[in-house]
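First up is the structure itself, then whatever we jot down about it.
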């Protein structure tokens, strides 16, 4: 009888987790949708395609900033409540952005959507340790990251294809509807096991603790790896859209969307790395994954056909998201155990904030040195992250 009760409890726990994974997928996709359709956004608002890039990089900065603001809250509040707030705020922001005719307002509403969208994955990362058993924690972290990967790929691919059929405004409206449904499901689900960690310190002290964690010798190397990795990863992807839109490719939004579908291969990256990390030296697995990231960026740099671009994207996604769950687990092992939500948020801030900033400052490189200059910088960032892993990170099994 007790085994049946335990089984029902587990089903309730994992049902809530899977709902949060779907919500994370929808939230992340809303941030990446504009990345594949710069040309269409430029035509819609009568701005240059390069200026249309700000519909992605500025919201990405707000997305990252929201993660930092949330970092002290995720450990002390019900994660499902936080996720629902994010879902309803994101719904409103997406609908407002879909119905404005001014580009600056469009970017402002998308920036607001970035603030709300970050709440959902931040809450999900805090929810995973609460509802997972020790034996499934790594796998659940892998699934949480996989949901983000799917969101990135769907945001880039489906948005590109759908925009060419029904327009970008309709894509925003459909995404808002999906996010709203997820928010409702999170509120009506069984949430008795979503219990925050008792923390006595004030919010001010919590932010102070977050800053101290950021510069601590056990945490800082991982944040530097995330900064360099995502500067190279998001930097090359953002300007790949502009590269594909021009000669010699002259690809449409639909073609870029279909090419981006190849990123779904990354779904197997997180579970695969979790499986490898459980059997082999974690540092070696991360080093191998980062080496493949470096190779994929070089492939994209030198690509002169859509086939080599697809091969580069396949390798880029699977390698980036193969090392992410292991880096998160190593970070969790290196930092305070009662700060897991904060650690995950800080790492995510480092990754996404640097990726958003890279998309902005690489614009200067793009204007002066084009694709070659951007590729050299992104390659250097990945190489630097590999050096840190090799020289600084201690071995963990």
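Glycine is no exception: its Cβ is also placed from the backbone N, Cα and C atoms.
Here TrEMBL flags 219-397 as domain 'Major facilitator superfamily (MFS) profile'. Marked as transmembrane segment by TrEMBL: 16-38, 58-74, 81-99, 105-128, 140-159, 165-188, 219-244, 256-278, 285-303, 309-331, 343-366, 372-393.
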Contact check, the transmembrane segment (165-188) vs the transmembrane segment (285-303), 3+ Cβ pairs under 8 Å, seq sep 6+: no
Region pair the transmembrane segment (343-366) / the transmembrane segment (16-38), three or more CB pairs under 8 Å: no
The domain 'Major facilitator superfamily (MFS) profile' (219-397) [mean pLDDT, rounded to integer]: 84
Most Cβ pairs under 8 Å with the transmembrane segment (81-99), selected from 58-74, 105-128, 140-159, 285-303, 372-393: 105-128
Distal contacts, the transmembrane segment (58-74) - CB-CB under 8 A, six or more residues away: 31, 34, 82, 107, 110-119, 122-123, 125-126, 203, 206-207, 209-210, 234, 341-342, 344-346, 348-349, 351-357, 359-360
Considering the transmembrane segment (285-303), which listed stretch of 140-159, 219-244, 372-393 counts the most C-beta pairs under 8 Å: 372-393
